[in-house]
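The annotation signal peptide is assigned in TrEMBL to 1-20. Per TrEMBL, domain 'Inhibitor I9' is recorded for 26-112. The domain 'Peptidase S8/S53' annotation in TrEMBL covers 136-588. The active site, charge relay system annotation in TrEMBL covers 144, 217, 544. Here TrEMBL flags 372-459 as domain 'PA'. Residues or ranges marked as domain 'Subtilisin-like protease fibronectin type-III' by TrEMBL: 662-761.
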């Protein structure tokens, strides 16, 4: 279809379309590139929108003419299509054009280290941190809230020239000039068109309409992945040490897509699209997504375009744990990262007037608080005084005392702010049963300590039953090392995924609790406007913090093996992950009663182990076409798969269609629903270790399942050789009264290599 035919077709459609209100919003428009009338996508999409606008004027439609359609972004690699502001009527006309696949309304998504390198086994001058591996030019793209370019973590001293492969730009804007980029921070751009289409023009009070970070999140994640080594870094002397990114010689490209109220999916797509063209090797996204079918998930679609171009994509799993089936970013081509504790804690304790002592967590570095009156709920104020909301505390009841505040309703920092405003001298922040024993080290505006739910219950009972006026003291004990670790964070989102039941998600866990990293000097450590403190480093928690750890480690592996695909890097990270803590017990789960053992729906394949991952022995590789065939096996239509593949796609016939479990994934998710008795999957492994090697299989059978593998031995005679095997899962007996899930593992062993894959069986 040429431009003339396009004009005539749109004329007819607009003339016959029912009258509609000129209600405009932004949409992501997926198009089939094979149906274009020109080889220039920008020309084609622009001509469509121009024609729609011109015909609205010709038809004398005042409402439509005054609300012109407007292209926001044209995508090149993320998807085949564009995003635009459209009225319902114009969208209806557009949907009738040849090549139109779908339109998705834009939406706002939300954002989801001095000690971690040592905890991860990284040592300067050795292994992955040897000079030759750190010398190669690897670019990490961070899609987040922007960056503070002047921070010491992003200085470029000693770095060679910007890599020739870099095609990106340093975008000038308010408080951000092109000279802010250097040989470390080689690119910075801001994407705001989608955000402003949804919420209107940005109110720049307290923020910047440029790549400069006014939130802190993006600066923190960028430095975690690739920040320079900074000695004597700390937060008020807590966590003192050398702060460094996982691959501290990597170049950083910052893409700002998140603003005060969230991150628009059109802007995220534009950033991913641009990053691939710019030449990044790794993309790190610590933000929400992945909450639908893949053909409806814009992050999944854009990530597939990146992976198809050889870019490794790492995303946070989400902070909605410990509830089951809350994990996000679950596409199989994405590395989905959960969060766990390191062995470093920031200790604080409370001693009650009756002698009871409770251990907790605190970042306060000042003097301890001696015995003072202790107040809570009705002894501290009126309605909602138990959760310390604004105006709930009565100064005459609180002044000079320690206040007990329950979690919930408002933020942890806001509670401390309210106690301080009311004249309290300290706060004991107690968890409810919902938060359990999860402890956060927070930089409150007054001396404070966080205690778990069991301690909180005991304190409330003490206050209610004490015959003497209740009192307490708080001891601040500073930074400690050597605690049981790793442990799964309760907040870390869990599987199984409703939309991806055939793959275990999350894929892996990494440090994400109490992580110290770079912070912009315009944001207080508590992020409260009333807090006038300013710091160079801050300690925060979330899967947003664990994700850039894995992004940086993936960059290390990319340096060591520049011919590995994103799937091979992902496989190496997963099959070498460990599942036992430093006390030789299974990794525990803070989200479970009494901190019981975690399972693959919490930690995936286990905790990342960088030095093991660089030499995994075998990898499970996956081609982009394999992912598309997998989507066909999920009963996606060819059109739906085409949305992911960026154009026309035909699924194989049913006879040639693989089953979902045959995707060459490094883990096994087995469904025994509908009374299945026997399930068989196929896998192919590639030898990347010792050229001549024999691997034998070891099985840890899940409860109620017998696992058998054919063959039981794999004999390799050269590097790069591929061998296949099949694994059968046979149900044993009845399941009444037993758990809905059972877990095990399959391990290929050869000398120093143990290539481990978790098994998760879903019975319901």
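Quick reminder: no glycine exception, Cβ is built from N, Cα and C everywhere.
Between the alpha carbons (Cα) of residue 544 (active site, charge relay system) and residue 144 (active site, charge relay system) lies a span of roughly 10 Å. In sequence order, 111, 213, 217, 218, 221, 222, 254, 255, 256, 257, 258, 284, 285, 286, 287 constitute the residues six or more apart from residue 144 (active site, charge relay system) in its chain with CB-CB distances below 8 Å. Confidence for the domain 'Subtilisin-like protease fibronectin type-III' (662-761), expressed as mean pLDDT, is 93.
Sorting each residue of the domain 'Subtilisin-like protease fibronectin type-III' (662-761) by its DSSP state yields 4 helix, 61 strand, 35 coil. Secondary structure of the domain 'PA' (372-459), assigned with DSSP and counted as helix (H, G, I), strand (E, B) and coil, comes to 24 helix, 23 strand, 41 coil. Taking every protein chain shown into account, 217, 544 are the active-site residues, and of these the Cβ with the most other Cβ atoms within 10 Å belongs to 544.
Per-class residue totals from DSSP over the domain 'Inhibitor I9' (26-112), listed helix then strand then coil: 34 helix, 28 strand, 25 coil.
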